[in-house]
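Database features (TrEMBL):
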TRANSMEM  18-36  transmembrane segment
TRANSMEM  56-77  transmembrane segment
TRANSMEM  104-124  transmembrane segment
TRANSMEM  144-164  transmembrane segment
TRANSMEM  171-193  transmembrane segment
TRANSMEM  217-234  transmembrane segment
């Protein structure tokens, strides 16, 4: 079982140069992703005079997030693995591909990257609001949780299939494209219902800057459940004990 391969790690990881570089990579990748993704929504609001949401706006959000995530994953892949998402990091931890202590470093970097991106957007736009994620009219918290679980399951399943699986072969070359594409596709599905976060850090930055926390917990619980389910399922069914690549001793 993948759950038995999880590792806590050593306190010295906090000062390990490789771990610190990886955390910085996650910070900058998240900043790039949130600045472009959140910024595209703010640009749309400016162009429409804060008009109502439209199908065209949903398509714009899908494309901007897909393109931005493709780049953010690609630029961080060789340094940190290009997680760009606390839920992806959690899935990697559950599958025994990263230690808990390094995961915590990643989470801190990812959250800070999102907050800094939203602050920069607020300053650059002359004080425009960085809107927090929220549920649409008629959408309950349980509806949103199901959306976030299923969408994040698809995202982390894709990450495992294209980037984590030791048997990925040449498929790993297109991993950033596949990961960005599934996020863009999921936004087309869930964007009109709960914003389609799939990423606690993406929700955290706007919530901090706008100081709006209504239903914020939904955007942590759903993605973490979906991530864990995808990691456990893929690791146990498709990777298995024989093909699993253990963490190096320097990671413990």
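Glycine residues also receive a Cβ, built from the backbone N, Cα and C atoms like all the rest.
Comparing 56-77, 144-164, 217-234 for CB pairs under 8 angstroms to the transmembrane segment (18-36), the maximum falls on 56-77. By number of Cβ pairs under 8 Å, the transmembrane segment (144-164) is matched best by 217-234 from the list 56-77, 171-193, 217-234.
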